[in-house]
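Asker: Can you read through this structure? Questions will come right after.
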Amino acid sequence: LTFYPAYCFKASPTHFTWVKMAVADVLQLTRRAEYPGIFFHKNHPIHFIAVAGLITARTEYPRVTVLTLDDSSGAVLDVVVQKAEGPAGPAPAAPRAPATAPAPAEASAATTDPSTATATAPHHIAPTTALPLDIHPLVPGALAHLKGTLAIYRHTRMQLQLERCALLRGGGGGGGGGLNAEMRFLEQRDRFRVEVLEAPWVLAAEEVARLGREADAEEERGEAEVARGRRRARRRVEREERDGRRIWERWEVEE
């Protein structure tokens, strides 16, 4: 497999999108030392993940809440939700609760409405945007669509850092909309897997060269902007020094 430079990632069909995946596939993603924070399926760079399934456990910790999601793919995933009182980070693994979950589902909305949270519930936020997340409905038995970024707990355990969430069906069950959303998510997930993920990502040499030139030009623009900022700062200091000397000279003349 060819692993392209990071400046090529913007041409990838997986890097800047919510990649719908089965939990079993998420847990098979790999990492490479030269690409910190990025996970790979084959050579596809993946940063943002979307999963859907049944919440089978919910565990509260002082700074995070950990949800366990089962999407019937043969594996479960810990989903870490940051509380506003403390910074996000990999959390302890949630206790396992056996459950038989339906297939993954598609969300009908983005982040759940924070106004529905109870007054006593802890305030949760998305780690990247610090926007509020209402996970009050995400209790065992609820069918949910969750989006986030991946992290590794204690160098071994994959976790999802929650950024967005949507309830597809409440813990009480019922609701045809949840079933329809579930089927849509499953179809989209499987189609993306077949059409994109099954084959390695391939870029022509000309495309790699073009992206490299764009990256160089962008870096040069950044360096030029930094240089302009330094020149402006230097001119400001020189101007202030000149003004200070004039004031001092005027004061000496008046004396």
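The count begins at 1 with the first shown residue.
Each Cβ is built from the backbone N, Cα and C atoms, and glycine gets one as well.
Keep in mind that this is a model prediction, so the values were computed, not measured.
As annotated by TrEMBL, domain 'CST complex subunit Stn1 N-terminal' applies to 37-84. As annotated by TrEMBL, region 'Disordered' applies to 87-120, 213-242. Taken from TrEMBL, the feature compositional bias 'Low complexity' covers 96-120.
If you look at the structure here, what lies around each of the features I listed?
Answerer: Across the domain 'CST complex subunit Stn1 N-terminal' (37-84), the DSSP tally of helix, strand and coil residues reads 0 helix, 34 strand, 14 coil.
Sequence-distant contacts of the region 'Disordered' (213-242) (same chain, six or more residues past either end, CB-CB distance under 8 Å): 5, 7.
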Asker: For the region 'Disordered' (213-242), what are the DSSP-based totals of helix, strand and coil residues?
Answerer: 30 helix, 0 strand, 0 coil
